[in-house]
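A.B. asks: Below, the features straight out of Swiss-Prot:
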BINDING   I24, R25, G66, K69, T70, T71, E132, D133, F134, R175, Y185, R222  ATP binding site
BINDING   T70  Mg(2+) binding site
BINDING   R295, R314, R319  DNA binding site
REGION    4-185  region 'Large ATPase domain (RuvB-L)'
REGION    186-256  region 'Small ATPAse domain (RuvB-S)'
REGION    259-353  region 'Head domain (RuvB-H)'
Amino acid sequence: MIDADRLITAVGGRDRDEQLDRAIRPLSLADYIGQPTVREQMELFIQAARGRSEALDHTLIFGPPGLGKTTLANIIAQEMGVSIKSTSGPVLERPGDLAAILTNLEPNDVLFIDEIHRLSPIVEEVLYPAMEDFQLDIMIGEGPAARSIKLDLPPFTLVGATTRAGMLTNPLRDRFGIVQRLEFYNIADLSTIVARSAGILGLVIEPAGAFEIARRARGTPRIANRLLRRVRDFAQVRGNGQITRQTADKALNLLDVDEHGFDHQDRRLLLTMIEKFDGGPVGVDSLAAAISEERHTIEDVLEPYLIQQGYIMRTPRGRVVTRHAYLHFGLNIPTRMGEMPVAGEFVDDAADL
């Protein structure tokens, strides 16, 4: 199992960190940094919906963890001037759980369902008419006396978030009028996010210090903010409280986060593939067993950034490390790698192996 306190994981952390995350989240599209295409499109859609005094179309937001799906959902509600009710797929175990939330929505409210790909089929069936016709079909009674009744719902916007859009059923996916994919952030945008967060937290940070944190944050705002808080601790105890490039570098080296944003678990994954599987190809289940992790942890937490940076490829035969992985560890590149495809030639769908 992955360490819940792993510094550079993009999954949720400790309660204290989550409270600070909420404190530094942007509340409007004007404050939302990065994702320029998504921001421009959502600004247009929201302005149009408000002009018609209608609920915004149902919106699906997907992408790797930590890129701001929850933040964007809250911004949508804020920009629409409505309330937001938040829940998650695993929490909605029975149709009655969903019905209780839907019947308490006000007109044009936002219902945010995180991890929407984990909805049970029976709950998903109830959601279809609610999304399409704003009606709720519920069963009253049991056995021969059971009957179905329809309840009218006020117009609302469902915002679904998922890290695994491919696991959504086609009927559910087709009911979203707006689909947005969040991409990993570039270093410039992450530097701006770090500087903004530092200002909110009352920290003194130099641009070079913000850049140093940003370049090791794996393209993920949540990780950037978490690193900022740990560098703050280092600067407070072993420095003068000011975050410079040198301070950030020393702090992150102490925390075992290297210049590429890799920690010991990333390096363990890559070295396992190189040393135990000769660089691959290796199936994800075999890899999970070798490093004592769960399959979904590799697919959702460890792999995405390594693939995006070109250190791992998904091929029809399994996962394969690239030249970059050998160079990262100062290892000799096998001669056979001259015959291998370049990173990115194979599509992600190729390896559920």
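Cβ atoms are placed via backbone N, Cα and C, with glycine included.
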A.B. asks: Of all the binding-site residues given, namely R295, R314, R319, which is spatially nearest to E132 (ATP binding site) at the Cα level?
C.D. replies: R295
A.B. asks: Using other CB atoms within 10 angstroms as the count, which residue among the binding-site residues R295, R314, R319 scores least?
C.D. replies: R295
A.B. asks: State the Cα to Cα distance, in Å, between R319 (DNA binding site) and G66 (ATP binding site), rounded to an integer.
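C.D. replies: R319 (DNA binding site) and G66 (ATP binding site) have their Cα atoms 24 Å apart.
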A.B. asks: Specify the secondary structure state of I24 (ATP binding site) as given by DSSP, simplified to three classes.
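C.D. replies: It is helical.
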A.B. asks: Could you check the binding-site residues F134, Y185 and say which one's CB has the most other CB atoms within 10 Å?
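C.D. replies: For the binding-site residues F134, Y185, the Cβ with the most other Cβ atoms within 10 Å is Y185.
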A.B. asks: Tell me which residues of the chain lie with their Cβ under 8 angstroms from that of T70 (ATP binding site), as long as they are six or more apart in sequence?
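C.D. replies: When sequence neighbours closer than 6 are ignored, T70 (ATP binding site) has S86, F112, D114, A161 within Cβ distance under 8 Å.
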A.B. asks: Among R295, R314, R319, which the record lists as binding DNA, how far apart in Å are the two most distant Cα atoms?
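C.D. replies: This binding site's residues have a maximal Cα-Cα distance of 14 Å.
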A.B. asks: For a quick check of understanding: given the listed ATP-binding residues I24, R25, G66, K69, T70, T71, E132, D133, F134, R175, Y185, R222, what is the maximum Cα-Cα distance in angstrom, as an integer?
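C.D. replies: Among the residues the record ties to ATP, max Cα distance equals 37 Å.
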